[in-house]
Amino acid sequence: MKRLFVHATILTMKEGEKPLADAALAVEDDRIAYVGPVPSETDGYDEVVNMAGRAILPGFVNTHGHAAMSLLRGYADDDPLKTWLEEKIWPMEARFGPEQVRWGSALSVLEMIKGGTTCFLDMYDHMDQVGQVVEEAGIRAVLCRGAIGLCSEEERRAKLEEAVRFAREWNGAAQGRITTMMAPHAPYTCPPDYIARFVDKARELGLPLHTHMSETEAEVRQNVEQYGLRPVEHLRRLGVFDGPALVAHAVHLTPEEIAILAECGVKVSHNPGSNLKLGSGIAPIPQMLEAGIRPALGTDGPASNNNLDMLEEIRLAALIHKGVHRDPQAVPAPVALRMGTLYGAEALFLEDRIGTLEPGKKADFITIDLTGPHMQPLHDVESHLVYSASRDDVLDVYVDGRPLLRNRQCLTLDEEKIRYHAQKAFDAIRP
Ligand SMILES: CSC[C@H]1O[C@@H](n2cnc3c(O)ncnc32)[C@H](O)[C@@H]1O
Ligand SMILES: [Zn+2]
């Protein structure tokens, strides 16, 4: 299948490259074949689409979340992380079975597609259900069976075995759209020897590690009291940073810890919406950028955000650090956009495949309506996407060259069916 999109404003997201006006994007099967001026000859294409008044850019990459938690959206608000998890979320998650994970994840995947996300990371339980939703939806995903080690040794062993089985079986599934990671939940829920066992398995399987880290001040304090070390040094000594690793949150870091993360090449998923809502704090993103880290963005779960809107995370990332540092240049718009696209691809170790629009890469891209009044006058598309656009402006979503959303209509998932089953799945566990 050969498709040509013409007369678009194209943002390739390649470092230092400015938006291309009146440009064309050619797609052959699942890959990008051409980006540049509109060709004079358009014969030989199965479809030529006029994209005047639209931007084309790489799809957003959501680097941290728990999709099934959409069933708990609004169930527990306005609590700090520890209370939220221990008193509200974990008791409800104990009632979750495969049905809850299936329909909660389907609801989230639908929301993500409609908001322009083409790839997401998910850490949860019953992950076969999430894998099946990804297969059906046509989206790209990095999946990991998260493990909380606050249980018996027998249960810990079972969770680790399950994480290994899942990671082995699903890596490369859905025509390569799914990759996997190994995910001990956090240093405060996994004893050191348990994390070390995840590290060993990750190395054996050749997979990256993913974990929550330094999300709250209380968690850092607890780590020091329990192990005599702050989380960064604790995880470094356990070997987590000796291979590819992605940490979510990284809110409470010292300058020395930032230097360690930079030196070890650790990827960071910045989750501004979730961190604000749980009152966890604001990650030192400008300092990370200064140290050479390229932070990515994540929504975290829909119960702590409470949506999966990557344009909102991009905007938050561009705004909150300006306020905190009283510096309007703290996170400029082009950097915020790359945090939601290219840096996301890097954080998921997928930059060879996605993250920029260039020949040879997978055709994962979105189109955004530039004709709304809030997008006028069109001085600077990057500025408008970050500071003015909303997810309702996302018109089309393509993954592997396949349309998943066209003119805001999802082609792969049945919205009404998902809404019905998600409600039913929640009603079945309602306390
Ligand atoms: C073991 S599956 C994932 C586990 O993580 C929990 N979770 C959701 N949001 C957060 C967060 O912000 N910090 C730490 N843990 C979080 C989720 O409820 C699952 O139990
Ligand atoms: Zn999380």
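Each residue, glycine too, has its Cβ placed from N, Cα and C.
Look at TrEMBL and you will find H64, H66, H212, D300 tagged as Zn(2+) binding site. Annotation source TrEMBL lists substrate binding site at E93, R145, R156, H185, E215, D300. The domain 'Amidohydrolase-related' feature in TrEMBL is assigned to 56-402.
Reduced to three states, the DSSP call for R145 (substrate binding site) is strand. With the fewest other C-beta atoms within 10 Å around its C-beta, E93 stands out among the binding-site residues E93, E215, D300.
Among the binding-site residues H64, H66, D300, not one has a Cα within 10 Å of the Cα of H185 (substrate binding site). Filtering E93, R145, R156, H185, E215, D300 by Cβ distance to ligand 2 (under 6 A) retains the following binding-site residues: D300. D300 are the binding-site residues among H64, R145, R156, D300 whose C-beta comes within less than 6 Å of an atom of ligand 1, given in sequence order. Remark: H64 (Zn(2+) binding site) has L121, M123, H210, L246, A248, H249, S269, N271, G298, T299, D300 as non-local neighbours, by Cβ distance under 8 Å and separation of at least 6 in sequence. Using a 10 Å Cβ-Cβ cutoff, H212 (Zn(2+) binding site) registers 27 neighbours.
A Cα-Cα distance of 18 Å separates E93 (substrate binding site) from H212 (Zn(2+) binding site).
Taken over all pairs of the listed substrate-binding residues (E93, R145, R156, H185, E215, D300), the Cα spread reaches a maximum of 24 Å, rounded to the nearest whole number. Here R145 (substrate binding site) is positioned 13 angstrom away from H212 (Zn(2+) binding site), judged by their C-alpha atoms.
DSSP gives E93 (substrate binding site) a helix state.
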